[in-house]
Amino acid sequence: MASLKVFLAVYLLGGITFLPLVLFTLYKIHLLYSNLKSASKKELDHDTADEIDEKTRLLARDIDPEFKARKLEEQLGVKVFNKGWITVTKQYYYHSSEVAVILKNSNNNKDSDTALQEQILQRTDLKKKQRFFAVLRHGNLFLYKDDSQNANLVHAISLQNRFITIWPRFDELGKEELPDASLFTKRTCIAIFKNDLVSIDSKNHNVILPHFDPLTSAESNNGDISTNDTTHEYQSQFHSSNQFFLYFDNNMDKEDWYYQLINASKNSNSLSTGLLDPNVSANAAHLKTKDMLQLIQDINSTENQLTTKWLNALLGRLFLSLQQTDTLNKFIHEKICKKLNKIKTPGFLDDLVVEKVDVGDSAPLFTSPELLELSPEGSTKIAIDVQYRGNLTIIIATKASINLGSRFKQREVSLQLSIKIKEFSGPLLFLIKPPPSNRIWYAFRTEPIMDFEIEPIVSSSKLSYNVVTNAIKSKFAEAVKESLVVPFMDDIVFYPTPNEVYRGGIWEEQDPEAAARARTAAAASDMNNTSAKEHLEALQEGGMKTQSRIKKALRPERKKENLKDLVDASGVATKTTTQTTVTTATNDDVSSSENSTKSRKYFKNSIKKIGRWYKDNVGNSSDTEDMDEIDVQDKKNDDSADERESDNPILTSNPKMISNRRPVPRRPSQPLNTLSPKLEGRKEKDTENFPVPPSASNMNASKMFANKENRKFSVSSNDSQNSLKNGDPHVKASKLESSQAFVKKTSQNRFNDGFFKQDLEFEEQREPKL
């Protein structure tokens, strides 16, 4: 019975609890599955994000972004240790540059300056006994006589409640603090002051230090820390001193000692909050270990980094040093504000205001540099690929106008936009134009790859509002395309011109007097060149006019003089013309005038003789009319010849006679042997070679002169005159008929002496044989 009761109890209880237990089990399984699914989804999202930059994120994946390894290794307080040779004094010894300024401002004579210079403590007065082997440990600076292991301790300087600074802190005039470039130079030293001597201006945060008069007489020991410790009085005076000055031979060692002394003056138990406390104002801004490892991995990631590894390492190291400072934040903030002011926002968004800037974790990387152009004029073009994945984040505030329709009132909502630049890469072009350009122009050669992550925040909660994010993304891409893609370029000024008359260029030094002298010299040179050119042109023009007058004087001789004399005279005239032209080219005015004067006299006399002969021998009107027509035609020909001669170069050869320009009588109807009794005695063979010319009715004299091949003889002027004197009826008849013809002058410059030779041959045949 007992077993039956137990069975019934178990059965009843099991039936009641079975369904709840099953439901509870299913619920637990569902929760476990949901947790596993969400975990796998997060891991998948994390892996997807890491795939974007898997190579650069692989080693730095599990490191805390804020971890700084150097901060853990830094030695502070009593743990600081350093040693080396230094020179220590209780009084400040002035540098030679400071002494020169002091003497200049003293306004004394030379004797007073010499005496004053002897009173001032100078660096050249430092002695060997002031040089010690210093050991920094346990928060104290121990000074030894030498660096041996058993060296005697001379002095010990406690660094607790001490202010360490670079001295002098101000320039030679004592008005402005030294620039950072002059802190670690031969002029400066390290000063150790007691905190009681130093104060700080709470308003401007300026350090107020004790003032030292260079004319103050030195102490009894001249500021020395003597190695002779026999007198207790001197030891007491030394330990009660409030300042020490440390001089170093090496400026780089001076920097190391400066940082070590500051760290040694730190006290971990100090509760002070003043700015003079090194625990407050002298905490080193160590680099983030994750960012430093990422930089090391980036510059060794690909083959393209080999040529620019040094550049990327330098830029990355400088970026990480400024990453936590306000200087870089302000610089980027200013640049972004200028760019945002140029962006046209959508109609439903107000102006964009930058509230916060996070510079990211890395600097841009530059790869594949290429020199495209470097000209002698100075034009320079450099192409390089740039890649940025530093996660620069900007918080922008604006207002959005939300319109939900006519039934609802339009509302304005304040927005905060978180814009993160995940990637910004492309081929970059740098351009430096020839002088006077003073800036570097840069732009992307093609549209860069841009990956923005924009998240609007309303009432401190993130919203997924695609209309706003897409509009802002498109506006950012449009702004980049319109300002940083070729042909649109931005610039970096490397030489500012705030005080220049003409801004935006590199000009030569301004010297108005020198510029005026240069312009005067250039104007005088141009004037001399112009006057010389005009003088030469005038001489050439005078020579051409002289040559024209000579040619005009030659015309009557060609008409009236004997052909042979005319040729000789023309040769002389041409030679004279040539000599005159050459003389003109060489600017010999005297010789040119003499030659032209002689030529004019010679031809003037010749023309007078020709005129007298013309009056005596030519009397009929028909000849005069014909000669007038010939003169008119000759004048036209001469004018055209003068025009051609002005265009063509001057020829120096003798002119050729084309026509004898004299009247030719009609051919008699009787045979030629009956014209004169001189021909009766000729043999028959002498006249066989002279065929009977055609009659006058068939051929006139002009055709006879024009057809040179058929012309075999001519009548000279002497024969015609003899015929007239002898009373030849045929010649007189021809004289009365006045049948005359002339051949017009051609444009040839050479004289064809064929006619002259034929006349000579004909005269020889007509002469009687003795």
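Note that the numbers count up from 1, one per residue, in the order the chain is shown.
Just so it is clear, glycine is given a Cβ too, placed from its N, Cα and C backbone atoms.
Checking the candidates S226, S270, S599, S717 against Swiss-Prot, the annotation phosphoserine falls on S717. When the residues S236, S268, S669 are compared with Swiss-Prot, the one annotated as phosphoserine is S669. Summary: among the glycosylation sites (N279, N391), the fewest other C-beta atoms within 10 A of the C-beta are counted at N391. Non-local contacts of N263 (N-linked glycosylation site) by the CB criterion (under 8 A, 6+ apart in sequence, same chain) comprise E74, Q75, L76, G77, V80, P278, A282.
Cα to Cα, N391 (N-linked glycosylation site) and N300 (N-linked glycosylation site) are separated by 20 Å. A separation of roughly 38 Å, to the nearest angstrom, links the Cα atoms of N300 (N-linked glycosylation site) and N279 (N-linked glycosylation site).
Per-residue confidence over the topological domain 'Cytoplasmic' (1-5) averages out at a pLDDT of 69.
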